[in-house]
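What TrEMBL says about this one:
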type: ACT_SITE; residues: THR360; note: active site, nucleophile
type: BINDING; residues: ARG87, THR378, ILE379, ASN380, ASP402, SER431, SER432, GLY453; note: L-glutamate binding site
type: SIGNAL; residues: 1-19; note: signal peptide
Amino acid sequence: MKLFISSIIFFILASPINAKQQAAVAMPDRFSAEIAEQVLKEGGNAVDAAIATAFSLAVTLPEAGNIGGGGFMLIYKDKKAQFLDYREVAPLTAHRDMYLDKNGEVIENLSLIGVKSSGVPGTVAGMWQAHKKYANLSWKKLLAPAIELASQGFIVPKHLADEKERVSKIFAGKKGINFEKYFSQLKTGALFKQPELAETLRRIAEHGPDGFYRGKTAQLIVEQMKKSGGLISKQDLDEYRAVWREPVSSDWKHYQIISSPPPSSGGTAVVQLLKMKQLLEKQFSGVPHNSPQYIHLLAEIEKRVYADRAKYMGDPGFLEVPVSKMVDSDYLKRRADEVNPDRISISEKVKPGLKESTQTTHYSIIDQWGNAVSNTYTINLSFGSGLVVEGAGFLLNNEMDDFSAKPGVPNAFGVVGGKANEIAPRKRMLSSMSPTILLEGERVKVVVGSPGGSTIITSVFQTLVNLIDFKMSPQNSVDVSRVHHQLLPENVIYFNPELPTKTTQKLQDMGYQLEENYLGDVQLVVRQKNGLSAAADARGRGESRVINWD
Ligand code: DON
């Protein structure tokens, strides 16, 4: 009898079903929060909600949500972690020096604006794979809210109208851009309809990936390429595949962290940062959050992580990325020992350490069964290449800029690379996207991720440290000032929002240069003792919800 009772107690404690039957979402806008809640309430799981969200953001968050880009989805379902890589690939006719002029210099903006900046999109193939493997609800049902928002329109939030104004100035006067033709009506409070996009979404709803990679949509993409001088061919579209991968996984404190493997640098880098901070426990002990000393120590470990990133990381289909060596505790101990707690290590001397040989969006979901999705996807910078596929109504990405156009030359995010991340046909460009899940035993404790290019890594890292080490509330963990250093530019620390003048002054005295810069809006879901909570970063226009069943 005793045994019977204790096994019932064990069963209740270990049950994946939340005691309260709850779900929670942290979304980058109000429309997606509404749709994700609806899907979960209708019996959809976290993956269903993630798919419906991806398509709805392609309509209401056009600066980053997409069908013309790609991304990563980390799924934890039925106690098993799976990573879906739907990153864009370089077209078949792409080549290493395609962004260099006759003198071998990088041609300004070629990998960033217009038709030549786009990789072959992966989002639709990714959502289809996720649906095939995990979904409860029908594909058509999950696309329906996006189709409605595109055809009936939505009221433009101020945040989106402001972003459009900012980007219009960047695209103004650039050749081959049809951005204004499609987005000039993005004005605060206006009803914004996208009939061509609605038709494309209907084709996808009807025919699955064939509605995008084949038939009319494919034809419209190829025609656009011909008209504007782009590279993506019928064959590129036909042969695009999303790939299932093993996530990066590591112990951290009493948690297991799972995150993005190559072709993202993100998961590996987040693990390196968390572990190095832990190895430097003594140096961090008693050091207050965001104090000059704290920011200096973070910059010291970040220097080393970004040096490794530049040297070793790229598409694992093209080179062997030494992930297990990079997260090995002995290796990280050696790296952590190089940190100088009193002075800035000279950037030039911070070499990769192994003995060898603005726009993305993220959302986090936990469903009523305890399954989780952490999804980051992107068309790279805000509104991608600025080129809309005419007749199909969606923006193409400018993800090709994530390759290293020339060894040592920084990309739009100021990060450098070399051979590991040079351009090759079919190759996936190196990413920093870090959709991450923290497990406590077999239960999901945290789901987190962020946009922000190379700053994604340090945003995810600091959010976890704020939440776990500093025991901040979820909302405070995402909202509080964050800092970022990435080896280059030398001795520059970015911050957002502001830091006290006292702090910046002290850091300047040490030799740092402080600059306020964009850092991404983190979306966080956390399981706490009394149930789930969720936080959308005040930096964006996100909304979080905890959904209760009674
Ligand atoms: O994959 C990457 O790392 C970048 N293309 C992400 C771009 C991004 O986060 C822009 N965000 N604001």
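Glycine residues also receive a Cβ, built from the backbone N, Cα and C atoms like all the rest.
Automated prediction, rather than curation, is the source of TrEMBL annotations.
Annotated features taken from TrEMBL, shown on the structure.
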{"residue": "ARG87", "record": "L-glutamate binding site", "DSSP class": "coil"}
{"residue": "THR360", "record": "active site, nucleophile", "DSSP class": "strand"}
{"residue": "THR378", "record": "L-glutamate binding site", "DSSP class": "strand"}
{"residue": "ASP402", "record": "L-glutamate binding site", "DSSP class": "helix"}
{"residue": "SER431", "record": "L-glutamate binding site", "DSSP class": "strand"}
{"residue": "GLY453", "record": "L-glutamate binding site", "DSSP class": "helix"}
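Across the structure, GLY453 (L-glutamate binding site) and THR360 (active site, nucleophile) are spaced 8 Å apart at their Cα atoms. Of all the binding-site residues listed (ASN380, SER431), SER431 has the fewest other CB atoms within 10 A of its CB. With respect to ligand 1, the binding-site residues ARG87, THR378, ILE379, SER431, GLY453 contribute THR378, SER431, GLY453 as residues with a C-beta closer than 6 angstroms to one of its atoms, given in sequence order. Binding of L-glutamate is attributed in the record to ARG87, THR378, ILE379, ASN380, ASP402, SER431, SER432, GLY453, and the widest Cα separation among these residues amounts to 14 Å. Note: ASP402 (L-glutamate binding site) has non-local neighbours ASN380, ASN411, ASN421, MET429, LEU430, SER431, i.e. same-chain residues 6+ apart with C-beta under 8 A of its own C-beta.
Separation of the C-alpha atoms of ARG87 (L-glutamate binding site) and THR360 (active site, nucleophile): 13 Å, rounded to the nearest whole number. Considering other CB atoms within 10 Å as the measure, the emptiest surroundings among the recorded positions THR360, ILE379, SER432, GLY453 are those of GLY453. For the binding-site residues THR378, ILE379, SER432, a Cα to Cα distance of within 10 angstroms from the residue listed as 'active site, nucleophile' holds for THR378, ILE379.
Same-chain residues that are not part of ARG87, THR378, ILE379, ASN380, ASP402, SER431, SER432, GLY453 yet have a Cβ within 8 Å of the Cβ center of the L-glutamate site turn out to be GLY69, GLY70, GLY71, THR360, GLU399, MET429, MET433. Listed in sequence order, the residues of the same chain lying 6 or more apart from THR378 (L-glutamate binding site) and placing their CB within less than 8 Å of its CB are ALA64, ASN66, GLY69, GLY70, GLY71, GLN359, THR360, THR361, ASN397, GLU399, MET433, PRO451.
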